[in-house]
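Chemist: First the structure, which I've put down as structure tokens, then a few questions once you've had a look.
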């Protein structure tokens, strides 16, 4: 591609007039065109000054030489073939251009008078041209392309559609950023409005009820890259009228262009259409007649066939079938009529002369039935009275009435454990990841459950009880299910709260029933989740206080606990039953339950490390449709302390985001959005900062992010690199910077240079504000400054990393334990009590000394950060503009900007860009998703600008 110097060395330039509808392309005279006059060529171009470089390989001959016989691959020929022109082609004959018809007439040479006339006319034209030297003739694109082959810049808008002033106004109203009415009033009050452009209102009312405006603001002295001077505004009709009355500054109203047309009305009906319609009607009539004739013929044949078939069937039925079936039909009818006559005679004999009714009456009177019914009357009266009384009593019972009987009481006292025969929990050790230590500890239990006879022969007593403790969501219940699933034994699962009821003795009865079922089906596993609800520390242990020993609820809970202690290690301890308990509050359990013999193993289930988190993410990712471009290892390393349940929620949340965005699979952006939703919060749609507020937030966050990249690039710092920078409000934050976490060893053994580099990163937000805005800083970086102050204090007082080392002896606050459990009852006293969390220093002058040394350290690091950012001011401004445009950028984009805008890059190169907020860069994960590794084309070459 030609360089920028070659571009400005050409004699071709473009001048853009004020009228955007038409523009003039001026072609200056050069060495090869010295004998020609200045020419003009009108072409529709827009206001924007983008140019397209038409580059090709020229021949070995010089630019001043011409080629009378162009090759087949000539540039002009190829361009004209690919872009055929609507202008009639012309041919050069001598110094004159002729079209095809004129050239043919010229070649004939039959008319001598015409030739003489043309000769005299050429002489006269050449003489006039030499006298005035200012005559103009047409210059065609083919001539220009041949003359400046390979060195011509043509605006790409030449080949685009021509827009009128009204259409360009509508396009700007749609594309430009929107300005609210309040912001316009503020700008109007501060005299910042340069021009207000609107469109003329016609007599027709607006259908949408809105009116558009283009607002041109005055340029404010300062950094131009952070100022936007052109805005669009869309107001209702009433607001627009009020605003125009209030605004008294410069205005420009675009006139509506009305076109009229006068011509002859088209003939109706059209003669061609009329002839076509008549022909179609004739053809349809002929087709209809043919179809009717065919129907008559075919119908006659079908009628004849039907008549023949029906005649044959009638003759066959009358003369063949009926004579054969007639004797059999007479026989069946005679038998049926005889049976019917006999039955009717019997019915008449029974019902005549009293018949059966007289016999029933004699039996009721003389058989003793009447006397028996007389005796049942008082008995039936008593029974009916009792039934009515019970029914009335039941109708008056409360809604929460429950029937109590012996059988229901027995069923109520049963454990109702959720039993799974043959360990059908559906969970194996292969489904458990991230807690390898706990799985290794529990392998012995699985071996015992699979082969208990082997342990009995060797006299080995297996662990009777195992307590699983750890934070919520780390997999305690999952491990218990995996034990039963691996061993294939009955698994009984209950919660600690299921043993608590209103009736006395129900809890202990359920404990006995639970262990009885497990002993019958041994070997088996009993699992009680949240056992702290059942086995809380009993009252009065290790204390003399016994105020609640005679509380009924306390006695019931302690009775249930005593029954559990007996079942675990009493006189009748069941062999072959493994008891598992899970809790996240071990400090609340009774000491008698924790002693050896009851809970022989106490396994701590901790949150998974980076490798465990990666394994958990892979297990859950295998259950959903996830793109291959998603890097799960980055999430595993950047989410320390996350439990397995939270990682599972992350994958499910990412799947929901992918469905919400109509993606075919879970992409990297979906995972990032899910992480932000779970860590920071959902996007706050109702909160939208103004342009100045977004600039401040973007400057602060970019300053922090780009400082880390600069330190990694030029000082080889061992600090975190930036993953993402976002100015989208989420949760309680307006913006955020996400860093890539290092390995655990970097945080366990931090060195002084590493901590000082982190201090510079925290000070990068305020330093970036000073570089861009000067002394006009804000409190946008107050959170980073507070963290920087605390880090500087820890470097000096807690870690004692000052050189030379000075031991201050100030204990860190996290090593001080409070002297209370739970909130204080006296609220007023708790306002002024620090609960021994703050201790006086060893040296009374230590506070002043630490404050002075911290201030010196922060000031030193701040000056270094400001100097580093000033050297890379162009890259800083470019990153801020890109972040304002895209709202979120990646660390790869920051590296891309630093590569193309090295230190000491002139700021004018950025200001001369047509769109500084764009970036010709595609992140790596998007390239993997699309499978295309080609960068996006851009109208401005970044390398050429630099």
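Glycine is treated like the rest: Cβ placed from N, Cα and C.
Sequence annotations record features per position, and here Swiss-Prot assigns transit peptide to 1-54. According to Swiss-Prot, the feature transmembrane segment maps to 289-309, 320-340, 369-389, an assignment based on sequence analysis. The ATP binding site feature in Swiss-Prot is assigned to 470, 471, 472, 473, 474, 475, 476, 477.
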Chemist: Within 10 Å of the Cβ of residue 474 (ATP binding site), how many other Cβ atoms are there?
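Modeler: For residue 474 (ATP binding site), the count of other Cβ atoms within 10 Å is 25.
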Chemist: Beyond 470, 471, 472, 473, 474, 475, 476, 477, what residues of that chain have CB atoms within 8 A of the centre of the ATP site's CB atoms?
Modeler: 582, 584, 605, 643, 644, 645
Chemist: Using a 10 Å cut-off on CB atoms, tell me which of the binding-site residues 470, 471, 472, 473, 475 is the least crowded.
Modeler: 472
Chemist: Measure the Cβ-based neighbour count of residue 476 (ATP binding site), defined as the other Cβ atoms within 10 Å of its Cβ.
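Modeler: Other Cβ atoms found within 10 Å: 25.
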Chemist: Using DSSP and three states only, what is residue 474 (ATP binding site)?
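Modeler: In three-state terms, residue 474 (ATP binding site) counts as coil.
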Chemist: Run through the Cβ atoms and count how many others sit within 10 Å of the one on residue 477 (ATP binding site).
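Modeler: Around residue 477 (ATP binding site), other Cβ atoms within 10 Å: 18.
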